């Protein structure tokens with residue numbers, strides 16, 4: 001049976017680790033998968049302190065090495081993203097129903113804070129469309145931005161404050177795991193849905209409507225647009241269309257020639273400037289083309305006293321803070337990671353969360369609203385050749401200058417130009433090709449994606465997101481509740497045992513049933529696994545009966561089982577007793593350490609006997625063969 | 001490298017199954033894990049019809065083969081469980097705050113219904129303490145059983161009706177999977193907690209109190225008991241203590257001698273009869289020992305018109321119906337299965353659900369309240385030697401006779417006797433040894449158990465249950481979010497690759513890092529797996545650097561990965577690109593069919609190349625060695 005030189009390896013039955021050891025290692029894997037303390041090992045105290053400072057304030061890591069050569073790159077990219085920040089700031093503030101100047105404020109303070117705490121080199125700080133709309137849809141549900149704009153604005157600051165606290169807390173408690181529950185499918189669907197409703201919202205600006213709905217679903221928005229056809233202004237629509245065509249053309253150009261990315265990057269600024277000049281020259285507001293209106297000079301006023309913790313509004317502001325916080329994190333962290341991978345760099349998710357949190361807390365004290373690392377802006381930053389977070393400082397300085405001297409010039413910006421900017425940005429976010437890819441590869445992922453998309457456009461943004469996450473979690477539970485088991489067979493002249501359905505050439509062994517269990521085994525799938533094993537056994541007995549043989553051995557390959565709980569152990573014992581009663585011997589193969597520890601502690605190993613635990617399927621089948629031959633000889 | 005006789009096996013890259021095939025097989029595994037249609041295969045139509053009738057009405061399966069010999073056993077066991085059903089029926093009805101006679105009604109109709117639909121041979125139908133108390137605590141929250149007893153009773157019937165509909169629906173839609181989410185730990189904790197608060201509730205009967213709280217938590221109950229010391233009656237307490245000691249002694253006897261189980265089985269009946277005679281002789285009610293009071297003769301009146309679907313009460317009745325429904329199912333199915341395993345029999349969970357559902361629907365039409373298969377009664381039934389569900393019919397007939405002729409005799413039953421019966425039954429349900437076993441083997445299971453226990457005794461039954469299930473699900477998600485990965489090494493002179501931490505004798509191969517991934521890979525654990533892989537790679541590079549070698553190959557063993565989703569595939573591609581950039585070649589080993597299908601569809605296999613996919617780790621390392629040698633020779 002056994003080749004002469006071969007060594008028999010035994011299963012390692014050493015005493016289980018004690019609780020503290022295994023608990024510590026579990027905690028570490030759960031909350032510190034990136035092992036941030038590794039670098040502190042074996043260092044003298046002074047260096048440890050320095051490393052700790054660098055760990056908490058990444059700015060100390062790169063600033064000492066900073067030089068003029070790097071600054072040239074950062075200056076250029078900083079100016080480029082500033083030219084994007086001004087129109088986007090004004091537009092997205094409009095989307096959140098707050099004064100346009102808040103959008104400019106939000107690109108001045110937060111980037112400075114991020115420079116100190118942030119660990120990504122390519123991320124450009126700024127406001128985002130989806131979170132802006134989400135904020136206004138939740139806070140707008142309790143206070144109308146038209147009836148009481150001051151209270152509304154204060155609630156937006158409060159929500160931003162909660163976002164910051166929530167994000168920083170997630171980072172401090174190392175709960176980045178929460179962000180993991182937004183799958184690619186959810187994000188694709190949510191982004192697509194949000195982009196769609198944001199585009200539709202822009203019809204207000206495009207047609208120059210003065211009345212509009214505060215709801216975001218497609219039915220309400222379309223009704224609001226078409227029920228007010230008397231308010232439509234053709235002048236506005238024509239100007240808007242021109243801008244939109246121009247912007248889409250620059251995007252097209254960028255796609256064709258990667259080098260011309262800067263054309264697309266400054267296009268929004270060009271649109272705003274051209275729009276201002278045009279509006280000033282033709283007195284646009286007299287022709288039904290609305291303009292932004294007064295923008296006061298001066299830097300961010302303090303808003304710390306404006307935070308409103310009134311219990312009437314608290315549930316809404318907290319809800320808005322948490323949902324937008326998760327969303328903003330998901331986008332910001334994904335962006336940071338993507339570019340870091342390209343540059344072969346590391347971005348620490350938990351550190352980023354703290355950075356985003358600090359940025360929003362400080363922001364909410366200084367008249368800024370929610371900011372994160374938007375994809376579009378960061379991509380421009382990266383393409384413009386930024387080297388460090390200094391580009392954010394450059395952008396911040398540009399915005400400071402704008403706020404101090406140029407702000408009043410932007411008062412002529414036509415709203416329709418902003419609408420065109422938002423629309424063209426949003427059209428790039430509807431990734432129908434990706435959805436089709438999901439459809440082709442994994443129908444369930446497609447469902448999750450569509451749930452987010454349809455939920456967002458037909459119900460509301462938060463419901464759409466929750467719906468999609470809910471389905472994802474349900475799927476996760478189903479995965480665990482119905483793990484696949486498969487029957488293994490031996491590949492001819494090898495010691496390999498593989499799924500007989502996948503490899504039809506694998507041969508089964510008379511009288512021995514080998515099953516591979518999927519993992520992990522615990523309460524939610526115990527009943528299923530037991531039923532499935534008994535079905536395999538029934539099937540095997542049936543086929544064997546027709547050839548007048550009998551099933552003598554059941555081998556369970558536990559190599560793939562990563563963990564087991566009490567219900568799972570009881571299920572295995574039950575299967576064992578059941579098999580024993582039917583005269584079938586059961587053996588288990590290659591249990592992993594954690595599993596073996598629990599099986600030993602619960603005395604399962606004692607009950608089936610240590611000689612029924614094998615390290616490889618081959619050794620188990622050899623032992624079975626030996627037993628079979630012995631019993632045949634006896635007969 | 002390779003022994004001469006060895007055959008090289010290739011990975012099977014056949015075209016993926018189409019969507020319908022894999023979807024069908026997934027659906028089957030999710031909803032029909034027991035494959036109920038197997039028996040209908042290859043049968044003529046007439047036999048098929050017969051088999052279908054037998055499938056839906058298991059009574060057709062065993063009744064034709066029924067004979068007098070079997071009946072003798074069933075008669076004996078039927079009478080035994082009837083003697084248990086009468087005192088339990090009266091006691092638990094008191095627990096649910098409904099007239100005692102309802103408890104007797106509930107042991108007459110439902111057992112008959114179960115006989116037709118049920119597939120277990122040992123299960124004895126009856127009322128249960130936990131569900132009775134839960135019903136009264138939920139329905140009692142909207143209508144007080146004292147102020148409006150008729151409405152309260154009608155709502156209890158309505159809740160029972162909803163229970164039935166819910167259970168039958170679960171069975172029809174084959175959603176037995178829901179019951180799987182009650183783990184052994186949850187049930188142990190919940191049962192222990194419920195038993196504790198039920199025992200405390202009995203202090204009311206023991207001390208002969210007339211006023212009591214409707215809350216179930218331990219603080220309210222103890223306050224209610226001790227704030228009314230002026231109502232305490234010593235006569236009641238003495239009588240109760242005597243009964244309790246007697247009952248506990250019979251339980252002790254049963255534990256010592258399995259054969260004397262019948263003593264424990266008839267002890268409650270003896271308690272009731274002795275109590276009745278005693279109360280009748282000494283005019284107990286004049287000495288502060290309360291009695292049950294009038295019990296009218298006659299069979300169950302119809303109650304179908306009493307069902308109350310008023311929208312004011314609907315939320316409570318539906319909630320009560322669903323929660324007690326799940327609880328009752330969990331107990332009933334577990335009981336049926338446990339005894340079936342002992343007898344080497346099969347019990348179909350989904351069929352049982354339909355049987356329970358029908359039993360409760362019909363019950364709610366005929367003045368019965370919630371019934372299931374209680375553990376204590378079924379154990380007695382099994383011990384008394386029952387052979388088929390006929391023992392339920394015998395019990396039912398006994399109860400019919402009791403209702404027709406004997407009911408008025410039970411009016412003298414002292415409440416304190418019932419309290420003693422309930423207490424002694426409940427004391428057996430507090431499995432502190434099991435909780436200690438959990439503590440020893442799996443601390444997390446112990447937490448789940450204690451959450452249920454403490455939640456039930458300090459907050460409320462439904463909150464305790466939900467809390468515990470919530471923690472279990474969270475754990476399930478954590479399991480999936482943090483799958484274990486391990487580094488593999490080669491066991492000397494073998495082709496086995498095992499965890500190097502578990503088997504320190506396994507040797508690593510210079511320049512090749514072999515990682516085993518836990519399963520499944522998808523959105524919730526992608527980030528973790530990516531970070532973990534990069535940490536393994538960093539660690540490996542560090543150790544290799546000190547020996548001035550370099551890491552050239554990364555081999556991922558996917559054998560344990562049962563499924564993968566889009567986010568997971570993107571993660572793998574990212575890891576691949578990342579490794580490529582660092583000059584490390586990546587190979588994957590033994591992907592399972594479903595995983596391979598998705599990897600092929602998403603073009604991941606094309607991007608890493610089919611020659612980087614191996615069937616075994618040995619072949620992968622052989623290929624790596626070949627490449628390494630080649631490059632060395634070039635240098």
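Backbone N, Cα and C atoms are what each Cβ position is placed from, and that goes for glycine too.
The structure displayed is predicted, hence computed values, not measured ones.
The feature transmembrane segment, as given by TrEMBL for the ranges A:47-73, A:182-208, A:290-316, A:452-478, sits at A:452-478. Check TrEMBL against the ranges A:415-432, A:433-450, A:487-504 and you find transmembrane segment recorded for A:415-432. As stated in TrEMBL, the feature transmembrane segment covers range A:124-145 out of the listed A:124-145, A:520-541. Residues A:96-117 are the range that TrEMBL records as transmembrane segment, among A:8-29, A:74-95, A:96-117.
Transmembrane segment is the annotation TrEMBL gives to one range among A:260-282, A:559-581, and that range is A:260-282. In this chain, the transmembrane segment (A:96-117) lies in contact with the transmembrane segment (A:392-410); the count of Cβ pairs under 8 Å, excluding pairs fewer than 6 apart in sequence, is at least 3. If you look at the transmembrane segment (A:260-282), the same-chain residues 6 or more away from its ends with a CB under 8 A from one of its CBs are 80-81, 83-84, 86-88, 90, 239, 243, 246-247, 250-251, 253-254, 289, 291, 380, 383-384, 409-410, 412-414, 416-418, 420-421.
Remark: the transmembrane segment (A:151-173) makes no contact with the transmembrane segment (A:415-432), by the rule of 3 or more CB pairs under 8 A.
Residues 205-209, 260, 263-264, 267-268, 271, 275, 278, 284, 287-290, 414, 416-417, 419-421, 423-424, 427-428 of the same chain lie 6 or more positions beyond the ends of the transmembrane segment (A:232-253) yet place their CB under 8 Å from a CB of it. In terms of DSSP helix, strand and coil, the domain 'STAS' (A:502-624) has 65 helix, 21 strand, 37 coil.
When each of A:96-117, A:124-145, A:320-342, A:415-432 is scored by its Cβ pairs under 8 Å to the transmembrane segment (A:354-372), the top-ranked stretch turns out to be A:96-117.
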